[in-house]
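Undergrad: Supplied in structure tokens, the structure appears directly below.
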């Protein structure tokens, strides 16, 4: 919420990448909200989160939608950063605010469509075969249909975009060194992008890889709920906690540094002297 507030209230942050950052914060907010909803259902009635029921379809669908939206936003941010760095190439493409708004809208439409498929009938409420033992009443084939392309998208596209960014910055630095010009800016940018990309990979690996492993385990083992209780369900809850931690890490990685974020909030809370005089008039 802090990221959304600062992005919307600060005029100098109204940029194409800022729209994607704000959209990512909205996705993280939905992930946290849906995770809290599932947690409350687990506290009040643990059996329905283990054996599945009609009441679990809506929170699981919202949870899936928010996770898909987060993944699409991360991919969009990587592509936007690549286009911004490579804009001086011969076939350049400058990203405008309208493009970012369109990407955000399309990502939410696609996420809602895929995430709400169980609400439209692709579930195993009245079927014992192909039912997921970790995320009942979801079907195993639906989880595979959602998880495999999303994980591949989340890992392959950022790998290509951020590696290309580092390669472009290094080539420009070497070109400037050959001309005898200063390369401090490109060296700093290359270091910052490398650190950010490594952080992205570590955060995505820690958060989404266990969830993907759980889906593969769910598909490979045709066991009943009693055979998996309670160890596997503890692992399922831990994967949900890791995804929630990702929602806390994304604002630090993709938006403002903590010190800069504090300065922006302080500027919003304490207006400048000129603004105060204008308000007094």
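Heads up, the Cβ atoms here are built off N, Cα and C, so glycines get one too.
Annotation comment: TrEMBL describes 1-254 as domain 'G-protein coupled receptors family 1 profile'. Here TrEMBL flags 17-40, 60-79, 100-122, 142-167, 200-220, 232-256 as transmembrane segment.
Each of these features: where is it, how hidden is it, and who are its neighbours?
TA: Sequence-remote contacts of a segment are chain residues at least 6 beyond its ends whose Cβ falls under 8 Å from one of its Cβ atoms, and for the transmembrane segment (60-79) they are 17, 20-21, 23-24, 26-28, 30-31, 33-35, 37-38, 100, 103-104, 107-108, 110-112, 114-116, 118-119, 135, 138, 146, 150, 153-154, 157-158, 161-162, 200, 204, 208, 243, 246-247, 250, 254.
Taking Cβ pairs closer than 8 Å, the transmembrane segment (100-122) reaches residues 16-17, 19-20, 23, 57-58, 60-62, 64-66, 68-69, 72-73, 76, 80, 137-139, 142, 146 in its own chain, all 6 or more past its ends.
Counting only same-chain residues 6+ beyond the ends of the transmembrane segment (142-167), those with a CB under 8 A from a CB of the stretch are 64, 67-68, 71-72, 74-75, 78-79, 81-82, 85-86, 114-115, 117-118, 122-123, 132, 135, 190, 193-194, 196-197, 200-201, 204, 208-209, 211-212, 215, 218-219.
Only residues 6 or more beyond the boundaries of the transmembrane segment (200-220), in the same chain, are considered here, and those with a CB under 8 A from a CB of the stretch are 71, 74, 78, 132-135, 140, 143-144, 147-148, 151, 154-155, 158-159, 162, 232, 235-236, 238-239, 242-243, 245-246, 249-250, 253.
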Undergrad: Averaged across the domain 'G-protein coupled receptors family 1 profile' (1-254), what pLDDT does the model get? Just tell me the whole number, please.
TA: 79
